[in-house]
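Right, one structure below, let's go through it.
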Amino acid sequence: MLRVVEGIFIFVVISESVFGVLGNGFIGLVNCIDCAKNKLSTIGFILTGLAISRIFLIWIIITDGFIQIFSPNIYASSNLIEYISYFWVIGNQSSMWFATSLSIFYFLKIANFSNYIFLWLKSRTNMVLPFMIVFLLISSLLNFAYIAKILNDYKMKNDTVWDLNMYKSEYFIKQILLNLGVIFFFTLSLITCVLLIISLWRHNRQMQSNVTGLRDSNTEAHVKAMKVLISFIILFILYFIGMAIEISYFTVRENKLLLMFGMTTTAIYPWGHSFILILGNSKLKQASLRVLQQLKCCEKRKNLRVT
């Protein structure tokens, strides 16, 4: 019975990975076509970077998980876990700072506040956002340098061989340090989401005072952006829970189902958010509908040939 359950978990994880690669690949392809036509916008650049980093992150999650499931001795007898940790940090941080840039973009484009600094930033969104992306990238690189030092110190402490049976407290502390940058970026996204909610609440109060009774375009934009941001926050919390479950597997190595459940939960974030972005972006949604229509036409042609 245990093997059947393991097979189901592996099937689900592989399916999530395939959907994630397809969804993020579609986002990247649509924006790359716009880039070839010299039509790539700021949000297109952010979505492309987010899609590429998510695909990279999916491969790292799957590679790490399958090694732990099928060949855990590889980690104990080599430095592979060190390289996987480096790649995971790169994928995780780049994905997070692109997602944070997207949150800031929605906030500057849609929110309404009378603060002078906010109005100045809002009027120069297309100029400010590239600097913001560079700032997030630099902070990510600085954090990565600190993470590299942590990993290197731990490697030297264990005589160049990673000890997978370390004390629980030491391992959890190391994981918290590795995720400091991600927590910082997530906090920024959470702040922008809260500010968007405040902006929507104020806007609704103004609309009620005008007694229009109708939802204007600004309200629709607020709601659409909030759906994307709130879904991102929920999915990232699931991702973090999945990571915590996978980390706890290092202390309970006999229970592989724990690892598989953690992988399944972790993989929801990179593939689920990609489809939410497609549905929430009019250009991506229209492109996906055209692809589906073409697939239906191809299916009808095949059926006609068979008959």
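The backbone N, Cα and C atoms fix where each Cβ goes, and this holds for glycine too.
The record in Swiss-Prot shows differing topological domain names for Arg3 and Lys227, meaning opposite sides of the membrane. When Asn158, Asn210 are compared with the annotations in Swiss-Prot, the one labelled N-linked glycosylation site turns out to be Asn158.
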